[in-house]
Amino acid sequence: DNILYSGETLSPGEFLNNGRYVFIMQEDCNLVLYDVDKPIWATNTGGLDRRCHLSMQSDGNLVVYSPRNNPIWASNTGGENGNYVCVLQKDRNVVIYGTARWATGTNIH
């Protein structure tokens, strides 16, 4: 899957995958985007702790937490509560999208 929804987490070793690209929460607390085997972006939090997790929060902030729930990295995109998604796109970019502003209202409950 290539989407992390509000309220969801990535535990150590879990990842978003979109073909050749992988966005992984590593065991060493580093969040890394890989193009095949080549790291192309990272939070540079490796070695700060072990077994951290990534959280897509309902305020739109993407945060790496230590096992004691201390934030060690954040996207600093927190705002109003809503529905947000973190998407690993086909163009290799990882993007946080926010709450929908309009809909037809024709969804089925």
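Each Cβ is built from the backbone N, Cα and C atoms, and glycine gets one as well.
The domain 'Bulb-type lectin' annotation in Swiss-Prot covers 25-109.
DSSP gives Gln26 (alpha-D-mannopyranose binding site) a coil state; it is part of no helix or strand. Counting Cβ atoms from all protein chains shown, Gln26 (alpha-D-mannopyranose binding site) has 19 others lying within 10 Å of its own Cβ. Swiss-Prot lists Gln26, Asp28, Asn30, Tyr34, 37-38, 41-42, Asn44, Gln57, Asp59, Asn61, Tyr65, 72-73, Asn76, Asn83, Gln89, Asp91, Asn93, Tyr97, Trp102 with the feature alpha-D-mannopyranose binding site, giving a large-scale study or a structure entry as the kind of evidence.
Non-local contacts of Cys29 (disulfide bond) by the CB criterion (under 8 A, 6+ apart in sequence, same chain) comprise Thr45, Gly46, Gly47, Leu48, Asp49, Arg50, Arg51, Cys52, Val64, Ser66, Ile72. Taken from Swiss-Prot, the feature disulfide bond applies to Cys29-Cys52, supported by experimental evidence.
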